[in-house]
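Asker: Here it is, the structure in full.
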Amino acid sequence: MHELGITQNIIAIVAEQAKGIPVKRVTLEIGQLSAIMADSIRFCFDICCQGTVLEGATLEIIEILGRGKCRDCGQEIALFQPFGTCDRCGSIQLEIIQGQELKIKEMEIEEICV
């Protein structure tokens, strides 16, 4: 399960950006073609957050649909796996244009009143 290491890296990046301020929420974008299982990230998140500024934070995951573009005719198509055939011309020469992402889209930190 490579999602454990990925989750640890996400938490390290967010904690570094938070600069010691407690984090309330983290939003990720995960592409359906990324080979990263969103449910596994959710499972690892609470465990990996323990003892960090992310402890108690909520995790929101936005799944990005897979899309491809035919290199022969330019048609854009939905992809549910990292390969397929063009709906228009039948070509297998597809370029993945969306769905392989893994992004930390945003994080929400607690307000600090001074």
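Note: Cβ is positioned from N, Cα and C throughout, glycine not excepted.
Here the structure is a predicted model, which means the values were calculated and not measured.
Swiss-Prot lists HIS2 with the feature Ni(2+) binding site. The annotation Zn(2+) binding site is assigned in Swiss-Prot to CYS70, CYS73, CYS86, CYS89.
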Asker: Let me know the DSSP-derived helix, strand or coil state of CYS70 (Zn(2+) binding site), please.
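Answerer: SS state of CYS70 (Zn(2+) binding site) = strand.
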Asker: Which whole-number value in Å describes the distance between the Cα atoms of CYS89 (Zn(2+) binding site) and the residue listed as 'Ni(2+) binding site'?
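Answerer: Between the alpha carbons of CYS89 (Zn(2+) binding site) and the residue listed as 'Ni(2+) binding site' there are 37 Å.
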Asker: Do me a favour and check the Cα-Cα span between CYS73 (Zn(2+) binding site) and HIS2 (Ni(2+) binding site); whole Å is fine.
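Answerer: Roughly 36 Å, rounded to the nearest whole number.
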Asker: Do me a favour and check the Cα-Cα span between CYS70 (Zn(2+) binding site) and the residue listed as 'Ni(2+) binding site'; whole Å is fine.
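Answerer: One finds 31 Å between the Cα atoms of these residues.
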Asker: Please report the distance from the Cα of CYS86 (Zn(2+) binding site) to the Cα of HIS2 (Ni(2+) binding site), rounded to the nearest angstrom.
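Answerer: Given the Cα positions, CYS86 (Zn(2+) binding site) is 32 Å from HIS2 (Ni(2+) binding site).
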Asker: Long-range same-chain neighbours of HIS2 (Ni(2+) binding site), Cβ under 8 Å, sequence gap at least 6?
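Answerer: When sequence neighbours closer than 6 are ignored, HIS2 (Ni(2+) binding site) has ILE36 within Cβ distance under 8 Å.
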